[in-house]
Amino acid sequence: MTEAKSYKDTVNLPQTKFDMRANAVKREPELQKFWAENQIYETLSENNPGDIFILHDGPPYANGSLHMGHALNKTLKDIINKYKLQRGYKARYVPGWDCHGLPIELKVLQSMKQKEREDLTPLKLRHKARDFALSTQKEQSESFQRFGVWGDWEHPYLTLTPDYEAAQIGVFGQMALKGYIYRGLKPVHWSPSSQTALAEAELEYPEGHTSRSVYAVFPITKASDTAKKVLTPYLKDLGVAIWTTTPWTLPGNLAVALNPDLTYAVVESGKPVCKHQYFIVAADLVDKLSATFETPLTVKATLKGEDLEHTTYRHPLFDRESEILIGGDYVTTESGTGLVHTAPGHGQEDYIVGQRYGLPVLSPVDEKGNFTSEAGQFAGLNVLKDANEAIIKELEEKGALLKEEPYQHKYPYDWRTKKPTIFRATEQWFASVEGFRDTALEAIKNVTWIPPQGENRITPMVADRSDWCISRQRSWGVPIPVFYDEETNEPLLNEETINHVQAIFAEKGSDAWWELSVEELLPQPYRNNGRKYRKGMDTMDVWFDSGSSWAAVAKQRPELSYPVDIYLEGSDQHRGWFQSSLLTSVATNGIAPYKMVLTHGFVLDEQGRKMSKSIGNIVDPNMIINGGKDQKKEPAYGADVLRLWVSSVDYSSDVPIGQNILKQLVDVRNKIRNTARFLLGNLHDFDPEKDTVAYEDLPELDRYMLHRITEVFTEVTEAFETFQFFRFFQVVQNFCVVDLSNFYLDIAKDRLYISDPNNLRRRSCQTVLKVALENLAKSIAPVLCHLAEDIWQFLPYKTPYKSVFEAGWVELESEWKRPELTPKWSKFRQIRDEVNKVMELARKDKMIGSSLDAKVLLYVSDKELREHLDSFNPSDSLSNNRVDELRYLFLASQVDLVDSPKTIGKANYKSESETLGVAIVKADGEKCDRCWNYSTHVGEFVDDPTLCERCNAALKGEF
């Protein structure tokens, strides 16, 4: 008996050194090194043929490790930049850092011993703060680069460099010369814990703040002429009732504001609730207040709000009289009494009313939040600690307290110290938004906002905002370049002085303000003009720092342009950087600094909760990349998985992340990787120059596949063009699994492995594989940049491009688009799904092992479909084009089209409906040793008795 021949070496199995595993911790840094050594980003951003494209970086704060918000933000930016580079744009990205401000100052102070703090001069503090900011910036920069983010990392912008600070002084100077900068005593958000003014963007409003609210009565002393008639009968024992959630502001009370259009009532209380028998409240609130005070209030008289104007009352705690005045539309009947206690030194609306009536700005509180001597008996008490208690007690003793109750509401806290803030009037520098508000609102309309509701967020913020307080009482920042006349305290701020300081900062940096004398900082004409000056010690709000970046970076660097194409940050920046940049740019140039603004949400855990140390649900981006201490619990996934997560979520709202989500993403990455590996392995002997099959010679299956490739990558392109990266994620994942792995590649194995290497049947398939592989690599490159490059480096044939990024974007030929093929092939694929289901039943019962053990019986009622199927079912496996056949489509050895559904009914394994019947029976003939198909021709060939007719022909180079 002769030994059976082995045909193992005659089969064309895949060959590639492309690793099945990503091994990201080792491989990603190698690929990043390859990009750096070959200067891929630099070359493309410099030499691409298209327009310059600028996504301007909103600077992260240089004061700690990166969190998931940073990862989301920087990766989104990088996806856009890489896509634009692939599309031929000169995408130039300069990463930036916000380096000044209180948070860094606090970090430095916290790291020092008490003794060190006592010896601290502003200059020493600034040097320590600079060192801290620079070391943090370096760490963050390395992390961002490990994410795979491209940019000009050698020349980032830092808000602490001399060129930046000088440009910022330039913006300030232009605004000052246009009359938009002024000094005023105004109430501002003041943080006693930081001892400085704060901007709106530096506040947060935590849940669950409870204030001690009080209803109090101020005795009326004189009725206005228009109210005399109504009030006179009650004047002897009449008060005006107010409500406040900040009793500590009562020493600053200089008026009571009302709404002129409301009706007010003089009420009498059923039982005594204060020393007055009668008091005035809004008529609409009588019933509500009766319940609050737990006594019936009887209406004795009513009058219009406007008639009460100029009625006077006495302050219950101080020896002074004030008037009832007309307030704004903030005086409502939603809460309180319909009459608002007004302290112009402690509130924005109060201040505006006070200005209208010429009231002084009284703010008897110092920078630590303690009452000054102006608060009389309350001097020395802290307004956030013991002042409320003392004031409420005093109101009670004077018979002026109606009721005290806890009130839960949103209250502003210092975003860094996490402690409550107050409104306090101080001498500050302001940017007058009023001067250019309309231009700013017009500019907003000319910007594209993605998502569109961004416009609806920023518009009311700009429309309703007060003037911008830009001064801070801290050392670590850019100084406001103002001098004061020692004698008159008049500020000196003009073109000459500003330009002189700007030139000094450009050369020496803003430390010069502390290092140089007043004489050196002043231009020549002011040095000996008979006046003595001192320099101001306020620094600028850090939002003015970052808000000047368009001027310091985009406008100043020759390789960039202004206005820039895109700003992209979190949705909280409508009140922050988007707005400060808009205001400075509009004030100086009349235009927005950006053409488009994209916003993303916040990162939450898998349960949709905010990340916090106390819950212990913080996900660290570096941990995702490099893994944790326990690699079983926290494996190292690499940067691509992090980037894939960014593309998988709808970033326009808040987005979740956690271990379960990451595991799913690893699966998706691996599926894409394995698909690419199969494609690479089966192209090992393909030379595109000589082996490519012309389109007109391709089997219909291949032409259908090229049509699907066109559909898929057109949709991917549209996803990137519209910044809907989650669509890219869904489409590519679906393409790899449904179109390639489960369909085309499944069918292709027979052609690729069994046919003669040079046969058209095989080369036509490889022609499609090459198109699929290259377009897959290019399309994932903006997101899975490391995987895409890894694939490209293992291409088995010559390519003129050393990097996938040099190869540009996906390439699709117009002739590949054949929508007319879709209906027929969709039907074929549906039938295939049905066949697979029945195969599975037969396999489960062990009637068949592989699908090649089966013959498929098929009944269709539709005449046209029957004809299509007939044309795909030749009687002879060596005729036709040997590709467009049902047996290959179904991965079966034979297919019979039957004329009657009864034939299907007789089989054990079947699926029947009115229009389609599928049955699985044993295949005819013997199993071929080489291709494992069953054939009635096995045994016919003397030299190869165990082979079928296809393999016999293949070995002769004919199949």
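Glycine is no exception: its Cβ is also placed from the backbone N, Cα and C atoms.
So that you can see what the record holds, here are the features copied from Swiss-Prot:
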- E569: L-isoleucyl-5'-AMP binding site (BINDING)
- K613: ATP binding site (BINDING)
- C928, C931, C948, C951: Zn(2+) binding site (BINDING)
- 60-70: motif ''HIGH' region' (MOTIF)
- 610-614: motif ''KMSKS' region' (MOTIF)
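Long-range contacts of the motif ''HIGH' region' (60-70) within the same chain, counting only residues at least 6 positions beyond its ends with a Cβ under 8 Å from a Cβ of the stretch, are 97-99, 101, 103-104, 107, 132-134, 136-137, 139-140, 143-144, 158, 570, 602-603, 611, 618-622, 657. A Cα-Cα distance of 64 Å separates E569 (L-isoleucyl-5'-AMP binding site) from C948 (Zn(2+) binding site). Residue density at C951 (Zn(2+) binding site): 27 other Cβ atoms are found within 10 A of its Cβ, drawing on all protein chains shown. Note: the CA-CA distance between C948 (Zn(2+) binding site) and K613 (ATP binding site) rounds to 68 Å. The sparsest Cβ neighbourhood within 10 Å, among the listed binding-site residues (C928, C931, C948), is found at C931.
Most Cβ neighbours within 10 Å, among the binding-site residues E569, K613: E569 holds that distinction in the structure as shown. Reduced to three states, the DSSP call for C928 (Zn(2+) binding site) is coil. A separation of roughly 66 Å, to the nearest angstrom, links the Cα atoms of C951 (Zn(2+) binding site) and K613 (ATP binding site). Put simply, C931 (Zn(2+) binding site) is 60 Å from K613 (ATP binding site) when counted between their Cα atoms. The Cβ centroid of C928, C931, C948, C951 marks the Zn(2+) site; residues of that chain outside this set whose Cβ lies within 8 Å of it are I754, D929, R930, W932, N933, S935, V938, L947, E949, R950, N952, A954, given in sequence order. Averaged over the motif ''KMSKS' region' (610-614), the predicted model has a pLDDT of 84. In the three-state DSSP reading, E569 (L-isoleucyl-5'-AMP binding site) counts as strand.
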